[in-house]
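According to Swiss-Prot, the protein has these features:
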type    : residues           : note
BINDING : 106, 107, 108, 109 : (6S)-5,6,7,8-tetrahydrofolate binding site
């Protein structure tokens, strides 16, 4: 079975390397064009391109996928395409040239779109998973080939859930290819969407419900991290370890207590325990270290 692989970030490159190491015949790879990254704004190859080059697999980065993609298919004659976080919608006639299947990090039709892991955490989902589906002309709306579920812990972070879904995605991909072609069935249920992360999404407001605060911190931990303001400085907060309902709280964002577990902050309807705080230009440190360093104390208040 000859495979054309399309993908861009590290979530995709891990799946590509998994295919190669399991001796699947990846005949060509398509990735997004390289972009400037980091403080120096140097142009760097995409993670998928790096893996393709490592294994000497032909890799292409077309700016116009429909026309250039057809010539790639004509040249390498793949039987199917595997798509993982490529970053662009596939359109006819390229889309119709071979069957394309997408590995998506949610239980479709929930969380169609670019940020399914973050949005599932933000909404406090207790279950999520991987869906492999045949790509149609809409966004993540094609018939399903395979679904795999995974539970989400109360204090699960983006980082930990990402790793679990990466492992589950590889498992699902292996099962899918070993049983190809699949028996497809339509998506059922009301679709929900997972739009790209905006700067506004990262702003933490302690006047929101305490469970909402907990979930927002988890959704962007460890990257890029939610932001709040303390004593006029923009800080980031990481690793929620505790929540408790308290309807008597009237002041939001107040540091109620700091101990070796972390900082306990008031929010609407309850208290949120947070382990790490990051000050501008510094690495994250525990709340206790920040207290001992004179950076934060009980009674201080976070502003939204």
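Just so it is clear, glycine is given a Cβ too, placed from its N, Cα and C backbone atoms.
Close to the recorded (6S)-5,6,7,8-tetrahydrofolate site, the chain also has 104, 110, 111, 112, 116, 129, 131, 140, 147, 187: residues not among 106, 107, 108, 109 whose Cβ is within 8 Å of the site's Cβ mean position. Counting Cβ atoms from all protein chains shown, residue 107 ((6S)-5,6,7,8-tetrahydrofolate binding site) has 22 others lying within 10 Å of its own Cβ. The Cβ of 109 has fewer other Cβ atoms within 10 Å than any other of the binding-site residues 108, 109. Within 10 Å of the C-beta of residue 106 ((6S)-5,6,7,8-tetrahydrofolate binding site) we count 24 further C-beta atoms, all protein chains included.
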